[in-house]
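Structure record follows, encoded as C-alpha cells.
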Amino acid sequence: MAEAKLFELNNGTMKVNVSNYGCTITSLLVPDKDGKLADVVLGFDTLEPYLKGAAPYFGCVVGRVANRIKDGKFKLNGIEHSLPINKPPNSLHGGHKGYDKVLWEVAEYKQGKNPSITFKYHSRDGEEGYPGDVHITATYTLVSKTTMRLDMEAVPENKPTPISLAQHTYWNLAGHNSGNVLDHTIQIWARHITPVDQNAIPTGEIMPVEGTSYDFTTENKIGSRIHEVGIGYDHNYVLDCGDKKTGLKHAAKLKDPASLRTLNLWTSAPGMQFYTANYVNGIVGKGGAVYGKQSGVCLETQGFPNAINQSNFPSIVVQTGEKYKHSMMFEFSAE
C-alpha cells in the first residue's frame with residue numbers, strides 16, 4: 001500500500017515541500033528583500049493532521065470540481081448526477097473525499113537546477129458521484145530561482161464529465177506565523193466578479209467591480225474595505241484584463257509591505273477564487289503557530305463555481321478523448 005510522504009524541491013534559492021497526499025504543498029520558503037527565508041504557506045509540521053482531516057484544504061489540489069455545486073446536483077446529457085452534500089446545502093471541492101484526500105502516485109521526481117515532481121491519479125467512474133474514469137496528472141516545477149509552476153492535466157476515459165481543478169494554498173508572504181494578511185496589498189486583473197446568493201452559489205450575473213469594495217484592479221490593501229463585504233472576501237473573480245506571459249494571463253499580485261515579498265500569479269484558468277481565510281479559527285499549525293481568521297489568502301484559479309449548472313458561464317465539461325489543462329505560475333520576488 002502506498003503511503004503519504006513528503007518530497008522536497010530545492011534549487012538553492014527557494015525550497016518547497018509537497019506530499020503525494022492531495023498533491024499538498026506543506027511548506028514553501030522564499031527570500032525577502034534581505035535574502036531572509038520565510039515559510040509563506042499555512043500548514044502542519046507533519047502529515048498526520050492532513051490525514052486526519054484537520055486541514056481546511058491547506059495547500060492541496062481540489063477536484064474533480066473545485067468550489068461549490070448547487071444542491072450537489074447537475075444534469076449532463078440528460079442524466080442527473082447527485083454528489084455528496086459536504087458543505088450544506090452544496091457539494092464543495094469534490095465531495096467528502098476529493099482529490100485533496102487521496103494518495104497520488106509519484107510518476108516522476110527530478111532533482112537538479114529545475115527540480116520537479118509529477119503526481120498521477122486515476123479517478124474512478126462514480127467516485128464521489130462523478131461520471132466516468134479520469135486520468136489526472138499534476139506537476140510542480142521550480143522553473144527559475146524564485147518561480148514555481150504547476151501544470152495539471154486530466155483526460156476522461158469513457159464518459160464526458162465536469163472537471164475543474166484548483167490549488168488551495170493559503171499564502172502569508174510575511175511568514176505563515178505572522179498573523180493576519182489585512183496589511184498585504186493585492187491587485188487582481190479582473191473587472192468583474194460572479195456575485196453569490198446566501199448559500200455562496202453564483203446568481204449567474206457577471207457584475208462589474210468598478211465602484212464596489214470588490215475592486216482590486218489597482219493595488220489596494222486587503223483590509224481596506226473588507227468590513228464592507230460581510231465576513232471577508234470569498235468570491236470568484238473573472239480574469240478578463242491581465243497581460244500574458246508564457247501563454248498564461250496575469251491573475252494577481254500579492255505583496256507584504258514589511259518584507260516586500262511579492263507573489264505574481266499567472267494562470268490559464270478563466271476565474272480565481274479570492275478567499276481571505278474567513279473560516280480559519282485557532283488552528284494550531286507549524287511550530288505551534290495559531291492560525292486565526294484571515295491569517296492567509298487563497299488565490300484559487302479555477303472554472304467558475306457551479307458552472308455545470310450555469311449555461312452562461314464557461315463550460316467545465318470535458319469530453320472523452322479531450323484533455324483538460326490548467327497551468328499556474330507562482331512568481332516570487334522582493335520589490
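Using N, Cα and C of the backbone, Cβ positions are placed for all residues, glycine too.
Since this is a predicted model, take the numbers as computed values, not measurements.
According to TrEMBL, the features are:
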- Asn67, Arg68, His168, Thr169, Tyr170, Asp234: beta-D-galactose binding site (BINDING)
- His168: active site, proton donor (ACT_SITE)
- Glu300: active site, proton acceptor (ACT_SITE)
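Across the binding-site residues listed here (Asn67, Thr169), the residue whose Cβ sits among the most other Cβ atoms within 10 Å is Asn67.
Each of the recorded positions Asp234, Glu300 was scored by how many other Cβ atoms lie within 10 Å of its Cβ, and the smallest score goes to Asp234.
Counted over all residue pairs in Asn67, Arg68, His168, Thr169, Tyr170, Asp234, the record's binders of beta-D-galactose, the longest Cα to Cα distance measures 18 angstrom. In sequence order, Tyr57, Phe58, Gly59, Cys60, Val61, Val62, Ala66, His93, Asp100, Cys298, Glu300 are the residues near His168 (beta-D-galactose binding site), counting only same-chain partners six or more apart with C-beta under 8 A. In sequence order, Lys87, Asn90, Ser91, Leu92, Asn199, Ala200, Ile201, Pro305, Asn306 are the residues near Arg68 (beta-D-galactose binding site), counting only same-chain partners six or more apart with C-beta under 8 A. Listed in sequence order, the residues of the same chain lying 6 or more apart from Tyr170 (beta-D-galactose binding site) and placing their CB within less than 8 Å of its CB are Val41, Leu42, Gly43, Phe58, Gly59, Ala277, Val280, Ser295, Gly296, Val297, Cys298.
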